[in-house]
Amino acid sequence: MEIMESTRKGSESPNAPESQPVDKADSENEKKQKGGWSYAYLLLSNQGLATLAFFGVGMNLVLFLTRVLGQNNAIAANNVSIWTGTVYLCSLVGAFLSDSYWGRYLTCAIFQVILVLGMTLLSVSSWLFLVKPKGCGNGKLRCQPPTSVGTSVFYLAIYLTAFGYGGHQPTIATFGSDQFDDTQESSKAAFFSYFYFSLKTGTLFSNTVLVYFEDNGKWTAGFWASTASAVLALVIFLLGSHGYRYMKPCGNPIPRVVQVFVAAAKKWHATPKQGEELHEVEGSLSAIKGSRKIGHTDDLRFLDKAAIVTEEDRRSQRSSPWQLCTITQVEEAKCIVRMMPIWLCTIMYSVVFTQMASLFVEQGDVMDTQVGNFRIPAASMSAFDICSVLLFTTLYRQLLVPVASKFTGNPQGLTELQRMGVGLVIAMLAMIAAGITEMWRLKSVNPGKHESSMSVFWQVPQYVLIGLSEVFMYVGQLEFFNGQAPDGIKSFGSSLCMASISVGNFASSFLVNIVTSVTSNNSPGWIPEDLNEGHMDRFYFLLAVLAAVDFFIYLACANWYKCRDLHGSATKVGQRLSMNFEQQH
């Protein structure tokens, strides 16, 4: 890279505007004709159908493992947590390929094909190998012990499904925001809300209709319906191919970030002289292909050393990027470092959230699920979570945003970090509600019976609270990580939300193992195979305490964080979670 003098001094933090990302279109007129809400709606429809397909498998997976494969509650809950964690861990793979090499469109298409293959294999494996005799796994008719071949094909299928859906998720979210330019910030913010709305709409159908069929032993029919939904999602995605707004991939970000730390370490003792400028290329575009320039910020100044032009650099006509980096490259690394503490604080929320797909279902399965002659599948109770999300997403945008914006001065009502903090508090309350419900359920256990006399509808408060927390936490995360990520790592920013869920699931599995090991000495333990002999309420209360501790750590991290605006400047956001929500500038 040729050494060119910067227009920015190391001691300043100018608000230089960034150039527009490079579109596939060669002309401004063609660029304007691409994207917009018409094509964003196709992506929202794709998201809803793909989610319907995925959760047609995911929400009842714990019961499939216990009823069809014959696993006990603790092992099944752990397997679901590990599988769900793998799903969202794959989001990092999809984000990396999208940002670095394939671009958003191709990445979405390839991972959706993998999703369809996984769903098809799952349907075939359950039909040929697992659901024997037909109609088994309904809670009454036992299935034959699975063969090793059937089990192997089943696990291959669900992990292919995990890989396909996980790689697709962060990329489709970023690809949707790409359909709007920088003059349409309100549309971008609205898209993320509608994106999560679409996700939950798809989940609603899978968690009611499909789960009902599966709960009654029609597992294969449910899986084939999910496969059909995945195929339809892929077709709808491809329909918009001619009109999407495309962004070029920016190359592998890993070497760029590592180069900053290596160059800074090499120049650890270097200090810029008074008035000396940091290194940046000339022109409107940065040295990173397809990425706009980022304005210099004053925090994490030790990384600025990577952009100091030394005498050795001046003597060299072409300097190695491992020796000298641009301001934009340094700021990209800073963005990642800044986001990490916030991201780490979201993991505990994901530990709480994942209980809805495992322990909540197992808890509901030992409650009274009869309404007249109709039996409600325990997994279908998550419909209250979904309806809560759909309702509160609408209420938030239509009622809370206008009211809150008058007090905060923020057109979005609450900042992303404020919303995430509110989500943490509500998640803690959800665990308290679940613990209280479990306490009362244990008191209503009928001797000699598997189910207690307590109605499953007592789970409604914990599901509604989880749904309300999602509106604040996950929508806030999507907006925050996508908005704070530079052009070169946009999909990576979106994938951090999914990666949080992934690590949260693995952490949940680890926590369940620890609690089971510690509490099962000379007693059934907190989460035994027969929940009527355990104390799952104590596990819920433990999660509430951990969420409270995490919230106070999050407060400190949010107050430290500096937000980067579209022009590359940074402002300290000390108000992030002070409950008076006063706007500071």
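Our numbering is plain: 1 for the first residue shown, then up by one each step along the chain.
Any Cβ shown, glycine's included, is placed from N, Cα and C.
Keep in mind the model is a prediction, meaning the values are calculated, not measured.
Going by TrEMBL, these are the annotated features:
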type	residues	note
COMPBIAS	1-11	compositional bias 'Basic and acidic residues'
COMPBIAS	21-31	compositional bias 'Basic and acidic residues'
REGION	1-31	region 'Disordered'
TRANSMEM	39-63	transmembrane segment
TRANSMEM	75-97	transmembrane segment
TRANSMEM	109-131	transmembrane segment
TRANSMEM	194-213	transmembrane segment
TRANSMEM	219-239	transmembrane segment
TRANSMEM	342-361	transmembrane segment
TRANSMEM	376-396	transmembrane segment
TRANSMEM	417-436	transmembrane segment
TRANSMEM	456-475	transmembrane segment
TRANSMEM	496-519	transmembrane segment
TRANSMEM	539-561	transmembrane segment
Positions whose Cβ lies under 8 angstroms from the transmembrane segment (417-436), at least six residues beyond its ends: 342, 345-346, 348-349, 352-353, 355, 360, 363, 459, 461-462, 465-466, 468-477, 480, 537-538, 540-541, 543-544, 547-548, 550-551, 554-555, 558, 561, 573, 575-577, 581
So which residues does the transmembrane segment (39-63) touch in its own chain, when a touch means Cβ under 8 Å and the partner is 6 or more beyond its ends? 76-77, 80, 83-84, 87, 112, 115, 119, 122, 137, 158, 161, 165, 168, 172, 175-176, 179-180, 191, 194-195, 198-203, 205-207, 210-211, 214-215, 222-223, 225-227, 229-230, 232-234, 236-237, 239-240, 243-245, 357-358, 361-362, 365, 377-379, 382
Between the transmembrane segment (342-361) and the transmembrane segment (456-475), are there three or more CB pairs that fall under 8 A, provided the residues in each pair are separated by 6 or more in sequence? yes
Is the count of Cβ pairs under 8 Å between the transmembrane segment (219-239) and the transmembrane segment (109-131), pairs 6 or more apart in sequence, 3 or more? yes
Contact between the transmembrane segment (376-396) and the transmembrane segment (342-361) (3 or more Cβ pairs under 8 Å, separation 6+): yes
If you count Cβ pairs under 8 Å, which stretch among 75-97, 194-213, 342-361, 539-561 touches the transmembrane segment (496-519) the most? 75-97
Give me the stretch from 109-131, 194-213, 342-361 with the greatest number of Cβ pairs under 8 Å to the transmembrane segment (539-561). 342-361
In the same chain, who gets a Cβ under 8 Å from the transmembrane segment (109-131) while lying at least 6 residues past its ends? 50, 53-54, 57, 68-69, 94, 102, 137, 143, 146-147, 149-151, 153-154, 156-168, 171, 217, 219-220, 223-224, 226-227, 230-231, 233-234, 237-238
Sort out the residues at least 6 away from either end of the transmembrane segment (194-213), same chain, that have Cβ-Cβ distances under 8 Å to it, and list them. 44-45, 47-56, 59-60, 173, 176, 221-222, 225-226, 229, 377, 379-380, 382-383, 386-387, 389-390, 393-394, 470-471, 474-475, 478
